[in-house]
Amino acid sequence: MCRIAGALRTLLPLLAALLQASVEASGEIALCKTGFPEDVYSAVLSKDVHEGQPLLNVKFSNCNGKRKVQYESSEPADFKVDEDGMVYAVRSFPLSSEHAKFLIYAQDKETQEKWQVAVKLSLKPTLTEESVKESAEVEEIVFPRQFSKHSGHLQRQKRDWVIPPINLPENSRGPFPQELVRIRSDRDKNLSLRYSVTGPGADQPPTGIFIINPISGQLSVTKPLDREQIARFHLRAHAVDINGNQVENPIDIVINVIDMNDNRPEFLHQVWNGTVPEGSKPGTYVMTVTAIDADDPNALNGMLRYRIVSQAPSTPSPNMFTINNETGDIITVAAGLDREKVQQYTLIIQATDMEGNPTYGLSNTATAVITVTDVNDNPPEFTAMTFYGEVPENRVDIIVANLTVTDKDQPHTPAWNAVYRISGGDPTGRFAIQTDPNSNDGLVTVVKPIDFETNRMFVLTVAAENQVPLAKGIQHPPQSTATVSVTVIDVNENPYFAPNPKIIRQEEGLHAGTMLTTFTAQDPDRYMQQNIRYTKLSDPANWLKIDPVNGQITTIAVLDRESPNVKNNIYNATFLASDNGIPPMSGTGTLQIYLLDINDNAPQVLPQEAETCETPDPNSINITALDYDIDPNAGPFAFDLPLSPVTIKRNWTITRLNGDFAQLNLKIKFLEAGIYEVPIIITDSGNPPKSNISILRVKVCQCDSNGDCTDVDRIVGAGLGTGAIIAILLCIIILLILVLMFVVWMKRRDKERQAKQLLIDPEDDVRDNILKYDEEGGGEEDQDYDLSQLQQPDTVEPDAIKPVGIRRMDERPIHAEPQYPVRSAAPHPGDIGDFINEGLKAADNDPTAPPYDSLLVFDYEGSGSTAGSLSSLNSSSSGGEQDYDYLNDWGPRFKKLADMYGGGDD
C-alpha cells in the first residue's frame, strides 16, 4: 500500500502539469497576453546558496514569438537571469530575510516595453535524523535484501532489484528543490549511514540538477528540466557508513523527463517554391512542405498536422489546392489552372502539433508560392489573312515580306516560338521563311533567282506552328494560315551569249581579213526595246576583230597554232556585249578557236652541240629532230648529209636508227681535235614534206680509254674570253697601284723620322727611355766624390731666382731664358760632409742593416749609354774641371741644362 501511495504521489504532479499545460494552451489560443503569467515566483532553498547555483525558472509569454526580451534582476550583485529565464546565484551567501524578496524585469529590446515580476525565496527546514525517521509520506527506495534459505536471516541478494524509473515532467514550476524519492537502507537502524548519488546530472555534467540529503537520503531536483536537452537521467545511489565504508551495493535510478508541449512546429523554410503546369488535372502533385517539432515525436506534443489557411488569388476557385495533413504534400483539387490568367498562387500553410488540435496544439505558418508553368495551349495566329511583298528579278537573300503572329503563351519559350512553312504556291522552292528570334515574325526570303519574263507574281500559302506540339484537345484555328502575294519587278538584265563558250575549228595560217564566225548575244528583257553593241575584251595575240553591230569576227593577223598563246590547239578570245538600258548592262562571251595544224614548220636537229673523239671508235653521236608541227606533219624524219662541202661526207657518216633518231659517226680514222660545224638535212613527213638544213656543232677532242674527253682538252678548248682577260689585267693594275702607294708612304715616313732626329749619335739618344733601377740603399762603395758640385743656396744671387712658371719640358721658349752664374765649387762643405759621414758611420755600426756590401745587380741600360757600367761613371773627384759644352749640341730640350752647366764667366 505504501508503494501504491507513492506511485500515486508521483503521478499526481504529472497529471497536474498536463492539465496546467492544457489550460495554458487553451488560454493562449483563446487570448494571449504578453508578460509574466505569474504574479509571484517562489522557491524553497537550503540555507547555504552557492555561486552559480540555479534557483528557479521564470516564464515570459511571447505571443507572436517575435519579441526579443532581455532579463534583469533588482539585486544584480546576488542574482542574475539567463536568456531562458533561469535565475542563478551570482555569489555564495547564506540565505536570510534580506535575500527573501527581489524583482525580475523583462524589457523588449526594440520597443523598450518593460514588465516585472516578484520572486520570493524561503528557507527549507533543516532535517535531522529524528525528523527523517518521522517522515513517511515520501516514497522510499530501500536497498534490496532477502532471507537466506539456510539460516532464515536477512542476507544480501546476489542480483540487484530493477527499480522502476521515476517520471518527472519537464518545465516544472517548483518550488525547488522538489523532492522526488527517498533512498534508505534497512541497516540505518544499527548504523549511522550517509547517502550519495552519482552520474550525469549529479556529480557529472550537467552537475547540480539532482541532489540528495546525505542523512535522510531524500533525492530532489533543483531546477526545471528540459526534455529537448536531456530526455533521461541515469543515476546511481550509494550508502556508506560514517567511515566511508560501502554498506550497500549501488542501485540504479532512472529518471524519465516527461515531455510537455512547450515547442511550436518550425518549418524548414519560411518560403516554399513549387511549379505546376497549366491545365493540370485534379490530383496533380505540386510540392511537399515539411515542419519539425522539438517535442517528443512519439507523443501528441510532436505529432503535426498541416492545413491550408489561405489562397491568393482565389480565382477561378478559392480551393485550387489541398494538402495532405500528415505528409505535407500539396496537390491540385480543381481544374482551371490557366497561366494566361493567373501565373502564380500564394498559399499560407499552417502546421499544428497535438495532431492538429486547435485548442491545445501549438501552430506555426509558412508560405508556399506555386508558379503555373506554361504549356502550348495557344496556337500562333496571323494578324492578317494576306500579306504583300515585291522582289526585283534575279535578286536573292532579300526579305520580301514580314509575317506577324500573336501567341498568348509565355514569350521566348518553345510554346511561343513560331515555326513557319510554305504549304503551297512555290513548287520550285524559290522562297524560304525564317523566324525572327526577338519579334517572332516570319521573314519571307528569296533563295533562288526569279525571272520576270517567266513569273511575274507568286501567291504563297503559309502556316504557323510552335516548336512544340499543341496540348491535347487544342486545335489549330484558321488564323494559323495566311496568304503571301509576291510581285516580281522587271529590271534590266545582262545580255548573254549562247552558246558560251562558242567553239569553231579553223586551219592555222589564215590570212588577215578572213571572216571566221558571227558571235552574237541575246537580251533577256523581251519587253524592253534595247540595242546591243559588241567590243573585244581579250585577244592575247591580237589576231581578231568584231563588228560592233552584227558581231562578225574577222582575222587581222595570221593564225599560228604554234604560238605561245595557243594552249592545246585552242585559242581563247573574250568579247563584251552591252545594251543601252537604264542602267546599261553587259555580258561576256568566250570564242574558242580550235586551230588545225598545217606543215608550216621545218624540223631542227637536236642536240645542237655534241662531243666525239678523234678516232671513230668508241664514240658516236645520237641525234633526233624537233618539229613544232604535230602528226602527220612531223615524224618520221629522214636524216642526210649535204653534198657540199665535200669534206662533210668525206669525214662524217650518218645512219638512220628509226623514224625519230639517227647516229652521226666519223668516217675517217682520225680527225684533229677542234670544233666542227656539221650540216644535217632533216625532212619531215608532211604533205608536202618540209626540209631544213640544221647545223650540229661537234667538238672533237682527245679521249681516254673510256671514250671521254680528257681534262687537258677541256681546259684548252675552254680558253679565255676577252672579258675575262680584261678583268684579270685590271686586277693586276690595281694591285700594282696599291703596292706603289704603300712604298711611297713608307718613304715619306722615313723622311719624317730623319727630320726629327737629334744632332747627337742615335746610339747615345736615350731620351725616350724611362729607366727603373733596383734598390741601391746602404751607401756607395765609391765614397771618393767631389762635394764641390753641391752649392749652398746662399751662393745664388737673388736676382737670378725668378719665377718662370710651369711649362712642358718639350716646349720651346719664345723669349730669352734667364742666365744663371756658374756655381763656384765649395772647397770644404763641412756641413754636408759631416752629415754624410755620420750617416755612413751609423750604417756601418748598425747590426740590423742588411748586407749591402754584397754584389749588387743593376738593370742593363742599353748600348746607347755613355758608361758601359756603373764603375765607369766619373765622379767629381775623378778629374779636374768638368766640360759641359757638349750639352749645347743636344738640342732645345737640353738648353736649360746647358745654360746651367755650360761655360760662361757669369
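The backbone N, Cα and C atoms fix where each Cβ goes, glycine too.
Model, not experiment: these values are computed from the prediction.
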If one consults Swiss-Prot for N-linked glycosylation site across Asn325, Asn874, the residue flagged is Asn325
Which of Glu170, Glu326, Glu340 shares the Ca(2+) 1 site with Asp226, Glu228, Asp262 per Swiss-Prot? Glu170
For the recorded positions Asn190, Asn263, Asn301, work out the Cβ neighbour count at 10 Å and name the residue with the minimum. Asn190
DSSP-derived helix, strand and coil totals, residue by residue, for the domain 'Cadherin 2' (268-382): 6 helix, 50 strand, 59 coil
Here the recorded positions are Asn261, Asn325, Asn572, and the Cα closest to that of Asn190 (N-linked glycosylation site) is found at Asn261
Asn651 (N-linked glycosylation site), number of other Cβ atoms within 10 Å: 17
At the Cα level, what's the spacing in Å between Asn325 (N-linked glycosylation site) and Asn261 (Ca(2+) 3 binding site), rounded? 20
Helix, strand or coil: which one is Asn651 (N-linked glycosylation site) in, per DSSP? helix
Candidate with the highest Cβ count within 10 Å, taken from the recorded positions Asn261, Asn402, Asn572: Asn261
Lowest local Cβ density among Asp293, Asp353, which the record lists as binding-site residues, within 10 Å: Asp293
Across the domain 'Cadherin 2' (268-382), the model's average pLDDT, rounded to a whole number, is 93
Cα separation, Asn402 (N-linked glycosylation site) to Asp293 (Ca(2+) 3 binding site) (Å, whole number): 62
Find, for the listed glycosylation sites Asn273, Asn692, the residue with the lowest Cβ contact count at a 10 Å cut-off, counting only other Cβ atoms. Asn273
